[in-house]
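Lifted from TrEMBL, the feature list:
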- B:12-37: transmembrane segment (TRANSMEM)
- B:73-275: domain 'ABC transmembrane type-1' (DOMAIN)
- B:77-96: transmembrane segment (TRANSMEM)
- B:108-130: transmembrane segment (TRANSMEM)
- B:136-155: transmembrane segment (TRANSMEM)
- B:183-204: transmembrane segment (TRANSMEM)
- B:258-278: transmembrane segment (TRANSMEM)
Amino acid sequence: MNTAPARRTEAREAVPAKWRAFRRTFRKNWELYLLITPVVLYFFIFDYLPMYGIQIAFKNFVAAKGIWASEWIGFDHFERFFNSFYFDRLILNTLGISLYQLAIGFPIPLILALLLNEVGNRHFKRFVQTVTYAPHFLSTVVMVGLIIIFLSPQNGIINHLIAFFGGERISFMTEPEWFKSIYVFSGVWQGMGWSSIIYLAALAGIDPTLHEAAKVDGASRLQRIWKINLPGIMPTVVILLILNVGQIMGIGFEKIYLMQNDLNIESSEVISTYVYTQGILGAQYSFSAAVGLFNSLVNLVLLVLVNRIAKKVNETSLW
Amino acid sequence: MKESVQDRMTLIVIYILLSIILLLVLYPLIFVVSASISDPLTVSRGEMWLFPKDLSFIGYELVFANKEIWTGYANTLLYTLVGTAINLVMTIFAAYPLSRKDFAGRNVITAYIVFTMFFSGGLIPTYLLVKNLGMINTMWALIIPGAVSVWNIIIMRTFFQTSIPNEIQESASIDGCSNMQTLWRIVLPLSMPIIAVMILFYSVGHWNSYFNALIYLNDRDKYPLQLFLREILIKSQVDQMAGSMDLSVQKHLMEAEAIKYAIVIVANLPVLLLYPFLQKYFVKGMMIGALKG
């Protein structure tokens, strides 16, 4: 009990001292504060103000009244969303596509990097890298355009091939059961090279003496990949995995929206496209803000959770 | 040391796997290039597999004759130039102070910025904000929201911290350089590689983006290239899948077929041309990001 007032005076003295130190550095570095001001303002306006705007999810937003004056209605929009016919479908599609993508799209760049790392021929290695990085620079529109061109039932090369071997032509883009595979594998095609760069960088950081020692001990190449390279890049892998899992409900809008059509909608409608069609096109601002908020919260919780697990298991974490 | 037979075999399997991956990625790219200079009818019948067949430049002629494509091209060029310039300035403004150890408050500001990576207001509040700011249907809606990327700030800050010796900055300051002079005369000239990376990341991003234009722009004469591409490459195809076909429609479709490949090439030309020269920088940027990631 006695120590409490003592601590308080201590704090009172500490604050001005800190304040003075800050004033001193401010006088010396005022230009730096000037530089960063527009950036701080930018994040305030375009990231924190919209967070303030989230309240419309709990309101009946009327444009004429503005965000503040619209009336509160509590969780009505959330209830409507959870009870809606689309809820199960949206969650299943969003999760389904994400998990599918994680299962296929996450390991492939890792494997590609491990393979590339073994290549001794510089020219071959560089050529493979140049080619596999290139699709990363195609825009989403062009990428989806290419998917449609190659999978077209009448003119697409894939269907010509199927027909050539006597198969039945498949209308890939309009069959719901094909949607997720097309999405995931085209993503692998476009992104595997680029995503492998991080692993290659990590592999380059592995101490070569480990390999020398293992060779002397008679370890085979495969054993060295498995016992030296893979554990060596594990921290990088874990961090990327955390980031990916944190994004599980945040499946991107851009590509899915372009790949959607009326016939495949039952397996292609995800939360982000639903928010767009209901909110922007349908002008149901409050309702879709609620849907979006639900999505962001789930993402945040997942990220924190996975990060905590990773910290426990692997002692690698984001923060 | 001699390689064992097993290691030999492993290496051979690795080369085979990589060659398969190489072919899978390369084939569609070559196909598009070849198809763009082949007769559209031959291509759509599936008679062209790899090399151009029945040489024809009709696709390119149609692209060059299409006024909207050039409108889109000019708009995209404008948005990319202005947008990238703003991006670059903002990124430097953020990254330089945050890279300085004697910048009091850097941890608070870093947390303030990084938090936006993990939680955001979402599409609708952002849309309403842009609307309230009166930026709908102007180029600013495509440039100002997204004026700086958190990830790129971190990459650039890391570069400033690790690649520019602190002693140089300190001795400059002792010699009477102000902070601005240090940044302008010492730090930036030493940062050209990372500046190149930033210009590339941001400009490719602007060149390829369509989403902001889709939600914020109404006038066709303001559309960027990607929105016109969407109409030609995607919308027309969906109509084709849905609609029935008589002869006149088929002729029209042939034209759409012909233009598709050529426009993919034309749209990606700037990036495709620059890419081989700049690959080194892109990779470097990714690696600096990976250090911190």
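A Cβ is built for glycine as well, from the same backbone N, Cα and C atoms used for every other residue.
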Chain residues outside the transmembrane segment (B:77-96) and at least six past its termini with a C-beta under 8 angstroms from it: 113, 139, 142-144, 147-149, 152-153, 156-157, 159-160, 183, 187-188, 195, 198-199, 202-203, 206-207, 224
Distal contacts, the transmembrane segment (B:108-130) - CB-CB under 8 A, six or more residues away: 94, 97-98, 136, 141, 145, 150-151, 153-154, 215-216
Intrachain residues whose Cβ lies under 8 Å of the transmembrane segment (B:12-37), provided they are six or more past its termini: 43, 48-53, 55-57, 59-60, 261-262, 264-265
